[in-house]
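Asks: Okay, these came from TrEMBL:
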{"type": "BINDING", "residues": "Asp61, Thr107, His157, Tyr161, Ser233", "note": "FMN binding site"}
{"type": "DOMAIN", "residues": "37-385", "note": "domain 'Luciferase-like'"}
{"type": "REGION", "residues": "437-476", "note": "region 'Disordered'"}
Amino acid sequence: MTTHLKQLHVNLFEMACVSHIVHGMWRAPGNNRHRFGDMSYWLEVAKLAEEGLFDAIFLADVIGTYDRFGDGTAAALREGLQIPNLDPLMLVPAMAAVTKNLGFGVTFSTTYEPPFAFARRMATLDLLTDGRVGWNIVTSYLRSAARNFGLEDEIPHDQRYAIADEYLDVLYKLWEGSWDEDAIVNNVASGIYTNPDSVRPINHDGPNFRVAGPHLVSPGRQRTPVLFQATGSAAGLEFAARHAEVVFIGGQTTEAVRENIARTRARARAHGRNGDDIRFIVMAGIVTDTTQRMAERKLEKYRQYYSVEGALIHAQAEIDLRRYPADARIGDILKREGVAFGNMGRRFRPEQTVGSALHQIASFDEGRFFVVGTPEKVADEIEQWLDIDGIDGINLRQYHTFETARDFIDLIVPVLQQRGRYRTAYTPHETLRERLFTSGQPHLPNRHFGSRYRDPDALKAPAEPLFPQETFSKAS
Ligand SMILES: Cc1cc2nc3c(=O)[nH]c(=O)nc-3n(C[C@H](O)[C@H](O)[C@H](O)COP(=O)(O)O)c2cc1C
């Protein structure tokens, strides 16, 4: 009898900047982060990820600066904290050209740029990469981003998800509905390149967008790129249940992670999907070496470079924790200073002391999905994540570029392979969607909301919005 073991999906977590999430580390000897503006860096990282048989390189993105802490943008500039920051979509063709199988997950926001141009750019990438792209759908959380696009302040959180829902509706119409599979006939004898009966406008007319179409790009292998999303909110979960195929799930304990997964699956089923139509991924921190002692020494080495200032800038902390006594509680300080428990709530609890919050930052304590140890210990832990927590994969956090990826490839991959937990080769010519799901088809499943537009008649009937507009209060 053969037992089916769940295999780990791995994305290398990247961003085209010096300091993405582990701040200060760019100063560590041998770290290559400062090369992010060189083409050679991206070619090297892509080849490395493909050597490791990773599912994809996953590129984060923001479109404003972290300007809420200390002296604002100046602090972020000093740290290289997500500024300077290159456009991630532009990196994909170069990396695709030097790889055959590696996938690319790219972040793009639904809040500021209209959907038609993005549909075209993403479809171009799907064509050029032969179906190797995914899209991380974000609605953006920086006020500074809103100001870059002509707004005074952020659009309220839940309203951003309502806009995103319509944005996706437009994209599905363009990607799934506007072109038939056999539209290009390329017939020299008849002089017909594209059959006009196989291409149609979408004539979308909704509260936020009016798009006539037709789509400008003929379908790539996936049509719709694999849809990624990270969320922690109720509106975000509802959005994921309708749209997302890969969800970044949070949770500090196994129980919390399992509950988040179960809740998302239940909502997906309510949307007519199967529970396993969604894959669940976490951001994981792994520091490894051949002995436990060496792994711990490596962690100590990394910690020397870590910037607490960077972490506070990134958290958009309302107060500078370093200025308060270690035993003071964060909630009490905020009350005394008359500051709301806003951004800090993403990382800290009000009853937490300053000392514990600073320790949490400085020790790299990333909670449940953080492990330091020998390859065997790391592999044991990963097996628990797969089987007990119920996740499907990780975004590998890079402490040191390329050391983190190199260690994972040289030390962890062979152990996982030996245990039947990791692929030993790519399946040639598979799309990113086929790699992530067992359905064996490159397109969105028929149960997915977006597939409805394969029926041209569906383009004429307005879709039911996920969030009725009147449920939003401006204060949310
Ligand atoms: C692994 C991971 C990657 C993320 N990448 C980005 C990103 O690149 N750009 C961005 O604007 N937000 C990013 N986010 C934040 C999410 O888009 C989202 O704002 C956050 O998960 C909170 O969800 P909510 O808006 O539903 O409350 C990321 C979150 C996680 C967990």
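Every residue gets a Cβ built from N, Cα and C, even glycine.
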Asks: Inside 10 Å of the Cβ of His157 (FMN binding site), count up the other Cβ atoms and send me the figure.
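Replies: 14, counting other Cβ atoms within 10 Å of His157 (FMN binding site).
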Asks: On average, what pLDDT score does this prediction assign to the domain 'Luciferase-like' (37-385)?
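Replies: That region's mean pLDDT is 95.
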Asks: What's the most sparsely packed of the binding-site residues Thr107, Ser233, counting other C-beta atoms within 10 A?
Replies: Ser233
Asks: Under a threshold of 6 Å between Cβ and any atom of ligand 1, which of the binding-site residues Asp61, Thr107, Tyr161 are retained?
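Replies: The ones that qualify, in sequence order, are Asp61, Thr107.
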Asks: Could you check what DSSP calls Ser233 (FMN binding site) once collapsed to helix, strand or coil?
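Replies: It is coil.
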Asks: Max Cα-Cα distance in Å among Asp61, Thr107, His157, Tyr161, Ser233, the residues listed as binding FMN?
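Replies: Greatest Cα separation within the listed binding residues comes to 20 Å.
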Asks: Within its own chain, what residues at least 6 apart in sequence put their Cβ under 8 Å from the Cβ of Tyr161 (FMN binding site), listed in sequence order?
Replies: Thr139, Ala235, Gly236, Glu238, Phe239, Leu466, Phe467
Asks: From the DSSP assignment alone, can you count helix, strand and coil residues within the region 'Disordered' (437-476)?
Replies: 14 helix, 0 strand, 26 coil
